[in-house]
Amino acid sequence: MATIKEIKAILETIVDLKDKRWQEYQTDSRAGVQKAILQRKKNIQSDLDEEARLEQMLVYEKKLYIEHINLIAGIDEVGRGPLAGPVVAAAVILPPNCKIKHLNDSKKIPKKKHQEIYQNILDQALAVGIGIQDSQCIDDINIYEATKHAMIDAVSHLSVAPEHLLIDAMVLDLSIPQTKIIKGDANSLSIAAASIVAKVTRDKIMSDYDSTYPGYAFSKNAGYGTKEHLEGLQKYGITPIHRKSFEPIKSML
């Protein structure tokens, strides 16, 4: 009779819930075997659910693949709402039908997984571009226009020319064909990839600023108006990276 350890190893090779080998092991009365069967089936179902989710997030890309358009850049930004720091945009071109496990809107992914998924994107992407507009630009032309500038810069920094742009809720002044997608980071893998790249990039920038301007907890709040950040403003005043066109900073000038 096979040991529980040996059976567990065999179960790991089964990837189909309809595999006939399940019947052989389900008659084994040992609790350890039954527990292993339940866990393996749970893992397989989880993988199937993830595959279906990723497939659904390729709907916009697949419409373009049918038209023989394969170099598709997903574009997203992070940092429109904070009181301090830049707005950061990313443009990412993934290979056709590329499915990176657990890739999703950055807001739906636990922060502890951001770096791993970010690295997977960098490893698999055909091209990645970053665009950054600082607080001075935001104050000069407003956050909406600064966001568009950052997105255009991100596209210009791609090492591969995109044939089509998938953009999260924006239309850019570019001649490249584009599709505006509401909640794009939750509905397109290309945009979700850009969301993660922009998020990790901006978080690193704000973490570095925490060393330059201590007392505002930038590494924790990324420039958003948390209690700790607002207390820092009252105690230490405005820094060069604060957005002077945003309240409450505007009223502090």
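Cβ coordinates are placed from backbone N, Cα and C, and glycine is handled just like the others.
These figures come from a predicted structure and were not determined experimentally.
According to Swiss-Prot, the domain 'RNase H type-2' annotation covers 70-253.
D168 (divalent metal cation binding site) carries a strand DSSP state (E or B). Under a cutoff of 8 A between CB atoms, and with a sequence separation of 6+ in the same chain, the neighbours of D168 (divalent metal cation binding site) are I75, D76, E77, I181, K183, G184, D185, I191, A194, S195. The divalent metal cation binding site annotation in Swiss-Prot covers D76, E77, D168 and is backed by sequence analysis.
Other residues of the same chain near the divalent metal cation site, with their Cβ within 8 Å of the Cβ centroid of D76, E77, D168, are I75, V78, A89, A90, M151, I167, A169, M170, G184, D185, I191, A194, S195, A198.
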